[in-house]
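The block underneath contains the structure these notes are about, expressed in structure tokens.
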């Protein structure tokens, strides 16, 4: 099927904390919706059957609970019956944004997914009801090609979003299409947690995901395109991921991903939005990785002299590293219960320092979640203290096998190359209670090759 995602440079409110009237809130959102309208038309002309827009694209961010209120639409739960906002605009008040999105879908005969702020009155007798008498949600809406509202999803894992409430229970949101079956839906930070993202995929056996995000890139392990691809690979799904484009805030990176191929946009230089349109296969069967024949080579460690281990901070976590010296070798580094192993060979020795790092513990900065990671990274300079820094360019071409005795089945294989481009492992999977990834010769200089494990039970 043909899918589109739009990386949108939002027109932002100059003073998001200032209280405005609904009329000026609609005026600002209208300017973003005008751009959406052009992009839906462009995507439809290229044959797209579905288009996805980013998180916060319509209203922006950095609001307070009260200052966002004029920007919020009312959206009834789809369970409350079929509603076509474009054809039945008078059913509910404060639905101007939803109506415009519905009409874009209808006019262009395209499925459309967008993110907006919504409000929902609650009974003051409800102990969860906020003092002002309503909930405020970060919400995705999905429309059919006739403009009907198909599904809503209220973001569960908020990322320092003081304007919004967490829904009382996780939403499991999905909708059906004639061209690719069922699509699941979640937002941004949700991708790192079991609820609802992983549970949704497992419970409904989903193979297509729509994913609005406003992601701030963090190298070496959590660049947007790097993790979006790893998620598609780990869960054997297609992901249509739309990010916003604000390079000054570190926000860029969108794509259309299959488990074995991707169409991405990562651009920290120029301004303006970007439409990606790609044709991808509907996933029906599970990709089987070809394990046995590569894995004959994995040996348990001999007792040759290992280089010295050292500590450095990466992604705000205290990793234990060993340097990756010379043109070839076998390394091991352990922390807690996790041991990581690396066999490597460099095509040409370059004056770049690489290191193999391990972390097995609770990550506590910008969210709390348990990580088990084995990571081969290029360091920022030639001293050990630079390992773990954000690096965007590399020249070393490395053949490697990386494996670890992970305690969780949820492993995200990261493979990032120079200029924030993606590569794909030749082989990966489980063997003898170890998860491994191997690659002969990366397509360009290696930035990161990592097994990023999420041990959800230990969050």
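Counting begins at 1 with the first residue displayed.
Just so it is clear, glycine is given a Cβ too, placed from its N, Cα and C backbone atoms.
Sequence annotations record features per position, and here TrEMBL assigns domain 'CN hydrolase' to 15-297.
Sequence annotations record features per position, and here TrEMBL assigns active site, proton acceptor to 55.
Cβ environment of residue 155 (active site, proton donor): 55, 137, 138, 139, 140, 161, 164, 186, 187, 188, 189, 190 lie under 8 Å away, each six or more residues apart in the same chain. Per TrEMBL, the feature active site, proton donor maps to 155.
Cβ neighbour count for residue 188 (active site, nucleophile): 25 (other Cβ atoms within 10 Å of its Cβ, all protein chains included). What TrEMBL lists as active site, nucleophile is 188.
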Cβ neighbour count (within 10 Å, all chains shown) around residue 55 (active site, proton acceptor): 27
PLDDT averaged over every residue in the domain 'CN hydrolase' (15-297): 95
